[in-house]
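> What TrEMBL shows for this protein is this:
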- B:Lys236: active site, proton donor (ACT_SITE)
- B:Gly13, B:Val14, B:Gly15, B:Gly16, B:Val17, B:Gly18: NADP(+) binding site (BINDING)
- B:Thr100, B:Lys124: NADPH binding site (BINDING)
- B:Glu221: L-homoserine binding site (BINDING)
- B:13-143: domain 'Aspartate/homoserine dehydrogenase NAD-binding' (DOMAIN)
- B:164-367: domain 'Homoserine dehydrogenase catalytic' (DOMAIN)
Protein chains: 2
Amino acid sequence: MPGPTTMFIGVIGVGGVGKAFLGQLEQLRLRLSKANPAIDLRLILLRRSNKQLFSESWQGVSIKDAVSELDKVNTPLLSLQETFDYLATAPGKVVLVDNTSDQTLANSYPVILRKGISIVTPNKKAFSGNFELWSDIFKAAANGTGSPSDGYVFHESSVGAGLPVISTLKELVETGDEVTKIEGVFSGTMSFLFNSFMPVGGGGGKFSAEVKKAKELGFTEPDPRDDLNGLDVARKLTILARLAGLKVQSPTSFPVESLIPKELESCNSGDEFLQKLPEFDNQMEELKASAAKEGKVVRFVGSIDVPSQAVKVGLEKFDASHPIAALKGSDNIINFYTQRYGSNPLIVQGAGAGGEVTAMGVTGDLLKVIRQLQ
Amino acid sequence: MPGPTTMFIGVIGVGGVGKAFLGQLEQLRLRLSKANPAIDLRLILLRRSNKQLFSESWQGVSIKDAVSELDKVNTPLLSLQETFDYLATAPGKVVLVDNTSDQTLANSYPVILRKGISIVTPNKKAFSGNFELWSDIFKAAANGTGSPSDGYVFHESSVGAGLPVISTLKELVETGDEVTKIEGVFSGTMSFLFNSFMPVGGGGGKFSAEVKKAKELGFTEPDPRDDLNGLDVARKLTILARLAGLKVQSPTSFPVESLIPKELESCNSGDEFLQKLPEFDNQMEELKASAAKEGKVVRFVGSIDVPSQAVKVGLEKFDASHPIAALKGSDNIINFYTQRYGSNPLIVQGAGAGGEVTAMGVTGDLLKVIRQLQ
């Protein structure tokens, strides 16, 4: 029989983050049960786009073997609704881990939470889409304005992966500080690109060559236009602005500078785009030269000015001595300017992408839920 | 009648942090009761070294007027033991907020926790004294290896004030990352001193003059030797090393470099010390020149090398481009090197001292306790 500290866990998504999470979940299960044998984490669902694995007996499946077991499944895929119904009938507390970037699944969060199922996720879609979905999610959450029988929802990894960005902002707000401005580099891809294109001290290759290099090194999406359009950063800014109290309607409701030249918007493929991009290197070289003349460097940043409710994403120039200019590799940096911290911001910096660090934020959120539900 | 979400709060210490905390507590009380009228925070004790204010009826005293009411009290001071007994008889959940740096009070934490009273505090003494007290505290805590009826204990502000240092380290460890090294500037005083004494790019005054300036600006303890002996940093390193899994016996069980010249250790007062310090400026000037020759700057840092269990505190040289060199004002910086984060550390930076930001860490911890106990 499941005890009061049995937690039933369903995982959707078995990509880079999903696989890293399963590794961390197995470690966590062992560590927690060693500290307290009554704590019992059971994986009762593993699902990807075309297959799903269940634990019909509620005993849980082996976390270590789950991915290979999933490969062997050949029963028909249940609908998402049927899957939520299955989870809701588990004889105890249930957490759904959404390791996808699926909008349809995100749209179901209010329904899932009202079934008493908690959600932890790096999926930005739920929190950065239209404002109504954001409201509906927190109206249905025990840690929003929902009822104590609703599920909890945490999404630390939706901004800056495992870096303590969302938890820090929440604590600033909840302890009564006044956040005046948030500014930073929120994309590992953009960080790598501009740290290479225009390093402090000079040097750096042509912009199109740096994009190509970033793609080859695996620092971009399969189609680099998905990074260069700025939407990923706009989604993160939307989330932070809402947490800071601004009613941002959507990630397209404020100015977002795309680095895709207008003339290349109609390219049929990422390859065609990469082939034609060198024709536009001159524009970026001019920008680089004008910044250099002022002793500055160019970076792709997002900023939220809270009093004026101004959110924007795009290229800006920074003094070479500015922490944003000094960033290394593909690191993110997030500066929180607040009343309490005064002129020097509270800064969080480090890797903001990658399977293990993203999964770490998800595992940390799972621990928060476990603590709340224990 | 107190409901299930009534929390009885006792506060000891009414200095800079204590007063800032009371301001934040009143804000929090209003905010929480607005969100959920059932949540009821009641201040039932305010105590300083020679006076204490009670709420005999358990209704709570006005938080806004508590400090001025405390001034008017002229009943005899109860013993600490009697005070804990009073708190333990409150008809509900109790949190003790220790805003002192009192070792005697810290020694009582295990007893307090076993009474089911939770503790939130910036007091370093409990966590950085001998290892036995550290063990006893977490053996008696619901969030240690104690029983669920014991109190919770949180101490975010004992390192880096309100910066998310302890919570970040705990999350790295609890989600299974391997922390290999922690390095940083952990003292606002030392940060200010060395950022002024040897700024990147040259300049800065004589060391003794910078110490004097720092004291005049209120950046040092009343007796600056209490900062310069390195013990404050050693205490913070002790706490972080223990959280990273090292059994550090005490803050004097590893090498700590004192900036008090041997010949001045016997000075009778801080004033005598400040008067004689200029005689030793040559030593610091030599150090400055030797660092400058290598293109480096000197900073007072602490570091923990986890695999070799080496903890140390003292002067080190850093390249001008290193984030530790680029620190501004009296900011702290903490670099966490871990297996997941690879060669670029996870960095937390910002003001690490001051009443409001220290109180913020305490208020954040109080919120954690409220969430656990709700």
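Glycine is no exception: its Cβ is also placed from the backbone N, Cα and C atoms.
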> Given the binding-site residues B:Val14, B:Gly15, B:Val17, B:Gly18, B:Lys124, find the one whose Cα is closest in space to the Cα of B:Lys236 (active site, proton donor).
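Smallest Cα separation from B:Lys236 (active site, proton donor) among B:Val14, B:Gly15, B:Val17, B:Gly18, B:Lys124: B:Lys124.
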> Work out how many Å separate B:Lys124 (NADPH binding site) and B:Gly16 (NADP(+) binding site) at their Cα atoms, rounded off.
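That separation, Cα to Cα, works out to 16 Å.
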> Would you mind reading off the Cα separation of B:Gly16 (NADP(+) binding site) from B:Thr100 (NADPH binding site), to the nearest angstrom?
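A Cα-Cα distance of 10 Å.
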> Just to verify: the residue among B:Lys124, B:Lys236 with the fewest other Cβ atoms within 10 Å, which of the recorded positions is it?
B:Lys124
> Using the centroid of the Cβ atoms of B:Gly13, B:Val14, B:Gly15, B:Gly16, B:Val17, B:Gly18 as reference, list every other same-chain residue with Cβ within 8 Å of it (recorded NADP(+) site), in sequence order.
B:Lys19, B:Ala20, B:Phe21, B:Asn99, B:Thr100, B:Gly355
> Filter the binding-site residues B:Gly13, B:Val14, B:Gly18, B:Glu221 down to the ones within 10 angstroms of B:Thr100 (NADPH binding site), Cα to Cα, kept in sequence order.
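So the list reads B:Gly13, B:Val14, B:Gly18.
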> Near the Cβ of B:Val17 (NADP(+) binding site), how many other Cβ atoms are there if near means within 10 Å?
28
> Between B:Gly13 (NADP(+) binding site) and the residue listed as 'L-homoserine binding site', how far is it from one CA atom to the other, in Å?
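For B:Gly13 (NADP(+) binding site) versus the residue listed as 'L-homoserine binding site', the Cα atoms are 17 Å apart.
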> Pop the Cα-Cα gap between B:Glu221 (L-homoserine binding site) and B:Gly15 (NADP(+) binding site) into the table, whole Å please.
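Their Cα atoms are separated by 14 Å.
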> Round to a whole number and give the Cα-to-Cα distance in Å for the pair B:Val14 (NADP(+) binding site) and B:Glu221 (L-homoserine binding site).
17
> Per DSSP, B:Lys124 (NADPH binding site) is which: helix, strand or coil?
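Coil, per DSSP.
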> With DSSP helix as H/G/I and strand as E/B, how many residues of the domain 'Aspartate/homoserine dehydrogenase NAD-binding' (B:13-143) fall in helix, strand and coil?
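The composition, in the requested order, is 60 helix, 23 strand, 48 coil.
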> What mean pLDDT score does the domain 'Aspartate/homoserine dehydrogenase NAD-binding' (B:13-143) have in the model?
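Within the domain 'Aspartate/homoserine dehydrogenase NAD-binding' (B:13-143), the model's average pLDDT equals 96.
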> Count the Cβ atoms, other than its own, that fall within 10 Å of the Cβ of B:Thr100 (NADPH binding site), considering every protein chain shown.
22
> Tell me, by DSSP, whether B:Glu221 (L-homoserine binding site) is helix, strand or coil?
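For B:Glu221 (L-homoserine binding site) - judged by DSSP and reduced to three states - the answer is coil.
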> Using a 10 Å radius around its CB, how many other CB atoms surround B:Glu221 (L-homoserine binding site)?
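The answer is 13 other Cβ atoms.
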> Identify which of the binding-site residues B:Gly13, B:Gly15 has its Cβ surrounded by the largest number of other Cβ atoms within 10 Å, counting every protein chain shown.
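Of the binding-site residues B:Gly13, B:Gly15, the most buried by Cβ count within 10 Å is B:Gly13.
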